[in-house]
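Trainee: Pulled the feature table from TrEMBL, pasting it below:
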- 1-471: domain 'Major facilitator superfamily (MFS) profile' (DOMAIN)
- 7-24: transmembrane segment (TRANSMEM)
- 76-93: transmembrane segment (TRANSMEM)
- 100-122: transmembrane segment (TRANSMEM)
- 128-156: transmembrane segment (TRANSMEM)
- 168-187: transmembrane segment (TRANSMEM)
- 193-214: transmembrane segment (TRANSMEM)
- 283-304: transmembrane segment (TRANSMEM)
- 324-341: transmembrane segment (TRANSMEM)
- 348-365: transmembrane segment (TRANSMEM)
- 377-402: transmembrane segment (TRANSMEM)
- 414-436: transmembrane segment (TRANSMEM)
- 448-468: transmembrane segment (TRANSMEM)
Amino acid sequence: VLPPHRYRGLTLVLTFLFYASFHLSRKPISIVKSELHTNCSSLEKSPPNGTNSTTWCDWAPFDQANYKELFGALDNAFLVAYAIGMFISGIFGERLPLRYYLSGGMVLSGMFTSLFGLAYFWEIHVLWYYIVIQICNGLVQTTGWPSVVTCVGNWFGKGKRGLIMGIWNSHTSVGNILGSLIAGVWVSSAWGLSFIVPGIIIAVMGIVCFLFLVEYPEDVDCNPPLHHTESEESEEKDPEVTLPTDDGICIRENTIDSSECAREPAEQPEAISFLGALRIPGVVEFSLCLLFAKLVSYTFLYWLPLYIVNVAHFGAKEAGDLSTLFDVGGILGGILAGLISDYTGGRATTCCVMLIVAAPMLFLYNHVGQNGIASSVSMLIICGALVNGPYALITTAVSADLGTHECLKGNAKALSTVTAIIDGTGSIGAALGPLLAGLISPTGWNNVFYMLITADILACLFLSRVVYKEIKGWCGCYTRKRGFKEF
């Protein structure tokens, strides 16, 4: 039996690898798009006799003039299924063993990802095959996020949660980077392998999950963490001290025995209902904010390589490699957002500030980001940090905070449901973003970026009430603190 800190470290590493493999298997479609429909006339090879000189090397059915709309429909099939399935997945995640649930989803995801790639070797050219595979893959991938966040939440308390989860959440960007690099190896030679290899990887990780994941500290005779900060623990000892809560309002806590907040091994509290989770303060606001934040992030995820090919005129592999810099920025942004929000105690304010700064940066990237390799690299990293920072913070630390909110009175069974609601709402935006990009991009890439900037602004507006409460809480607590000293 390992000591508790070893189990916590093992849980972090395993869940990091598990969710990185989910994103690793999602990324190849964005790399392969430019190969499914390319500029055939620029190739050195001559077209076969009797074929169109501009589309002979394309992969049907994506050899049509409306190929961008077809790609948008392909992305949308996955993301709509993911968004719908996510709301259901959280309910199942609270009621089924997470180890079985997560490992089963990973193996099935590996199968569907590989089936997409096998279409290359089986020479399948019907659109419905790709659509059905994307829908099935979107549904089974919903097992991932609620499960890994719940496992981490079960093992870690609230102290420094933003920083820990900010570092841990880099699995999203690491998975995107690895997925881009792996897909890029075969994109120009045998693009089917760009899907099959990631499919095998996530299936293998599913087997590892089944063998080694520990869901609860109680399963290995470890004490569960208390979902309180150190300041909240001191608050329990001195109920007269007024401190800000997660939503920024100063309240006075009643003295509570900390043992009441721990999850007793013998007790199995009932899972919270969907409506009950919605009533937790902040869930609706952060869910709607994530809808627009994820719209921006996933538009970059699915369309950035094609944008670089069309605007900067790089090859498919070079564009895929360059697009990884956006995810490198995402890693830095997630860590920075977690660190700042831990220090200030303002999750919503941190998100709002980063989103506000992101809007002009997106405008600049579209207009000057392709003027040279140096400007492209720097702008991609900056935009990745500002776009993915709020997204990472909301889906990790904020979800865990709300899933263990004090109003739940120690019932941690809400964590998976709250996580699924927030990420499910965000996934609606993730589905809309690539779809809108596919519809708008034929009118010009400038219009796509105007759409992304508008989404950033809307994300800020939905957080404005929570930001106001946080600022009011800071001011009120500071005033009371000075009043006590002066008295």
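Cβ coordinates are placed from backbone N, Cα and C, and glycine is handled just like the others.
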Trainee: I'm a bit unsure how to read this: which one of 100-122, 168-187, 324-341, 348-365, 377-402 has the highest number of Cβ pairs shorter than 8 Å with the transmembrane segment (193-214)?
Mentor: 100-122
Trainee: Under 8 angstroms, Cβ to Cβ: which one of 7-24, 168-187, 324-341, 414-436 has the largest number of such pairs with the transmembrane segment (76-93)?
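Mentor: Ranked by Cβ pairs under 8 Å, first place goes to 414-436.
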Trainee: Is the transmembrane segment (414-436) in contact with the transmembrane segment (128-156), using three or more Cβ pairs under 8 angstroms as the rule and ignoring pairs under 6 apart in sequence?
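Mentor: These two stretches do touch.
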Trainee: Based on Cβ pairs under 8 Å, which of the stretches 7-24, 324-341, 348-365, 448-468 lies most in contact with the transmembrane segment (100-122)?
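Mentor: Looking at each of 7-24, 324-341, 348-365, 448-468 in turn, the most contacts to the transmembrane segment (100-122) are made by 7-24.
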Trainee: For the transmembrane segment (448-468) and the transmembrane segment (348-365), does the number of C-beta pairs under 8 Å, pairs 6 or more apart in sequence, reach 3 or more?
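Mentor: Contact between the transmembrane segment (448-468) and the transmembrane segment (348-365): present.
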